[in-house]
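Taken straight from TrEMBL:
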- CYS140, CYS144, CYS147: [4Fe-4S] cluster binding site (BINDING)
- 1-16: compositional bias 'Polar residues' (COMPBIAS)
- 126-349: domain 'Radical SAM core' (DOMAIN)
- 1-35: region 'Disordered' (REGION)
Amino acid sequence: MITRTSAALQSDSTSPDDPASEAVPLTPRQHRQDWQAQLRDAVRDPHELCRRLDLDTAWLGGAETGHALFPVRVPHAYLARIRPGDPDDPLLRQVLPLDRESEPVAGFVGDPLEEAEHRPRPGLIHKYRNRVLLIASPACAINCRYCFRRHFPYAENSPSRGQWETTLDYLRQDTSINEAIFSGGDPLASPDRRLAWLAERLADIPHLKRLRLHTRLPVVIPDRVDSPLLDWLAATRLQTVMVVHINHPNEIDAGVADAMQRLRGAGVTLLNQSVLLRGVNDDVETLARLSERLFEVGILPYYLHVLDPVEGAAHFDVPDAEAVSLVETLRTQLAGFLMPRLVREVPGEASKTPLA
Ligand SMILES: *Cc1c(COP(=O)(O)O)cnc(C)c1O
Ligand code: SF4
């Protein structure tokens, strides 16, 4: 959900960039090694996932089937928020592979959104007026079963510095662009030196006002919000916005709350996008608690996306009519500023398309 663009980028990649497979250099910045070590140590084996969570062996076959289609990847900091022994845990459902992922369902396809035509430069998607997406990293910290990215291999890459220069030229030339959005994969899977370099180059472009990051990493591994990240975020002249991705209130533990506070301290405006998911957050009570909990930790609800019809994720689908009805009831339960906008991404439209 953070991005739908990885397919388009496979072809023009040059520098392998899976941070989880990079050797971690010995540096005095211990905290920085820490998040990279956590990425590397993520659970990537369905047996280990089931064992760690005390799941009945009945789940293992399905987990192996799903894992063969899209590998398991769950960092320990996220695993720690899952209730052991509960196959219905709303966080577990987002990461546990199932047999059903291999069942074909009409309308659910490998590539539900085609964006290649909006890619004027490597690593750049210019689809909406005033703002562009920069694919800062193709890797993710976690593999969410409902994700559009599930059909793209991790051997993807991101643009090299040289390729970024042509992207930066494009931004310099189009004075209508006032916002750059770091996306991915997950842009915060990139090392801070690369992100800081890019942020500095962007800040040199006079018509740019804002830098936005679409990321799930501070939620999955709160230690990602360390001083190297905070330093470059606080230093840029651009206004900074972070759109995190949280689907259920149980994802917000004390570590996430602290990370959000550090980000706010660095002057970052915090917003959240969620995906409406069957069996995870498809009820008014959960969505209301999510909004309330987000605000407690300084995040405003932004978007509630309906599911992209991606192959293997049909069991998460909530029909539009039900989604609209949920959101209408939610509106009677929440302050107006705690209401997310229910949207879908329709190829060819000039913005996200509101459903309610
Ligand atoms: C979602 C998206 C954006 C940002 O849209 P907002 O409505 O401003 O949040 C920008 N570019 C692309 C390609 C997107 O998919
Ligand atoms: S964090 Fe999850 S939802 Fe976001 S791009 Fe990665 S796999 Fe997809």
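Each Cβ is built from the backbone N, Cα and C atoms, and glycine gets one as well.
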Mean pLDDT, the domain 'Radical SAM core' (126-349)?
-> 95
Count the Cβ atoms, other than its own, that fall within 10 Å of the Cβ of CYS140 ([4Fe-4S] cluster binding site), considering every protein chain shown.
-> 26
Across all the protein chains here, work out how many other Cβ atoms are within 10 Å of the Cβ of CYS144 ([4Fe-4S] cluster binding site).
-> 24
